[in-house]
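Engineer: Sending over a structure as structure tokens; questions will come in a sec.
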Amino acid sequence: MADRVVLAYSGGLDTSVAISWIGKETGAEVVAVAIDLGQGGEDMEVVRQRAIDCGAVESVVVDARDEFADEYCLPTIAANALYMDRYPLVSAISRPLIVKHIVEAARSHGGTIVSHGCTGKGNDQVRFEVGFGALAPDLQVIAPVRDYAWTREKAIAFAEENNIPINVSKKSPFSIDQNVWGRAVETGFLEDLWNAPTKDVYDYTQDPTVNWNAPDELIISFDKGRPVAIDGRPVSVLEAIQELNKRAGAQGVGRLDVVEDRLVGIKSREIYEAPGAMVLITAHQELEHVTLERELGRYKRQMEQRWSELVYDGLWFSPLKDALDTFVNKTQERVTGDIRLFLHGGAITVNGRRSPESLYDFNLATYDEGDSFDQSASKGFVEIHGLSSKVAAKRDLGL
């Protein structure tokens, strides 16, 4: 009986060619698994059938949109996760979910080998293979695009020589990855850091000047860190992301032009569109400013960068990431309330906050009548707070 390879299938050129290549080079049967993460574009049934037409013995589509929103996007919101303080992990958080479903498919379809279509220069090869190792260390992994140094030209030539039914073009300038959390664009003329993105780079967002005279104001409600309503209308996490993608995207919000440090040691330029993600993280951060005690908030902000780095580096299933999740979940117990935001000209402006768990005390904060802050206590506090610095200064100055 032939081995079975379970392939993470995108429907694009590389993974379509991989189906035929794996069969020819290894004699194995290929089971193609496509994961719907809300990426839009082609109908998933078309993608499923394409895999069969390319030679897969079975082709499966998994609707993972709600799972992605609830179990991957929501923890990212809770962690205010922005890699290098900018990137909301658009692609990075999707890979562990894909890994999970590929492993499940391997178990249910008799697969002993798993495969992906990643190159050897990017982060995704690491995310996939480290994930496979964490969930199913017994499975073998093959990566034809990386291991045989496929170029787009080689893949197109193989497709033409083997009559693989996929429309391809050498003129497509960009590499694009997208899901409901956002969209990532790279390569082409963007590899020159001085080149400004052109209009055709963007899809999830409009030019920030298009709706200049029609700004949008909205209220996002959270319950223990989870977005539960927009303008008073109950929403699921998926619905919140989808609605904010449309509304914030219409205002040009969520465009990011980033030079980032890849795990493999190189710097790369990426253009991201993440309107819903950026609005939700901004609103969530602001609610935490209102509801988290100072020392807890300070420590959480330090931890957030490490959480982001772990996820970016493909360590979603690591013991440290698991431990940090426990900490983050604890911090969310009182992150309940409403944040009002103004979206305009590509910018997000918070202009209102309210929470039953607020630590903001008006009587302590006000400078007007009703001030309950005992200013007489401040003199001694300042003296004690600066005492160690004062002692050191006297020593250094010889006083």
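From the backbone N, Cα and C atoms, a Cβ is placed for every residue, glycine too.
Given the structure is predicted, the values throughout are model-derived calculations rather than measurements.
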Engineer: To which of Gly111, Gly117, Gly120 does Swiss-Prot also attribute binding of ATP at the site defined by Ala8, Tyr9, Ser10, Gly11, Gly12, Leu13, Asp14, Thr15, Ser16?
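Structural biologist: Looking through Gly111, Gly117, Gly120, the residue Swiss-Prot assigns to the ATP site is Gly117.
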Engineer: What is the interatomic distance between the Cα atoms of Tyr87 (L-citrulline binding site) and Asp124 (L-aspartate binding site), given in whole Å?
Structural biologist: 15
Engineer: Can you tell me how far the Cα of Asp14 (ATP binding site) sits from the Cα of Thr119 (L-aspartate binding site), in Å?
Structural biologist: 10
Engineer: Hey, what's the Cβ neighbour count for Thr119 (L-aspartate binding site) at 10 Å?
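Structural biologist: So the number of other Cβ atoms within 10 Å of Thr119 (L-aspartate binding site) is 15.
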Engineer: Rounded to the nearest angstrom, how far is the Cα of Thr119 (L-aspartate binding site) from the Cα of Ser175 (L-citrulline binding site)?
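Structural biologist: That comes out at 12 Å between the alpha carbons.
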Engineer: Work through the binding-site residues one by one (Asn123, Asp124, Arg127, Glu260, Tyr272) and name whichever has its CA nearest to the CA of Ser10 (ATP binding site).
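Structural biologist: If we rank Asn123, Asp124, Arg127, Glu260, Tyr272 by Cα distance to Ser10 (ATP binding site), first place goes to Asp124.
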Engineer: Could you check which of the binding-site residues Ala8, Gly12, Ser16 is the closest Cα neighbour of Asp124 (L-aspartate binding site)?
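Structural biologist: Result: the closest of the binding-site residues to Asp124 (L-aspartate binding site) is Ala8.
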Engineer: Starting from the Cβ centroid of Ala8, Tyr9, Ser10, Gly11, Gly12, Leu13, Asp14, Thr15, Ser16, Gly117, the recorded ATP site, name every other residue in that chain with its Cβ within 8 Å, sequence order please.
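Structural biologist: Neighbours within 8 Å of the Cβ centroid, excluding Ala8, Tyr9, Ser10, Gly11, Gly12, Leu13, Asp14, Thr15, Ser16, Gly117: Val17, Ala18.
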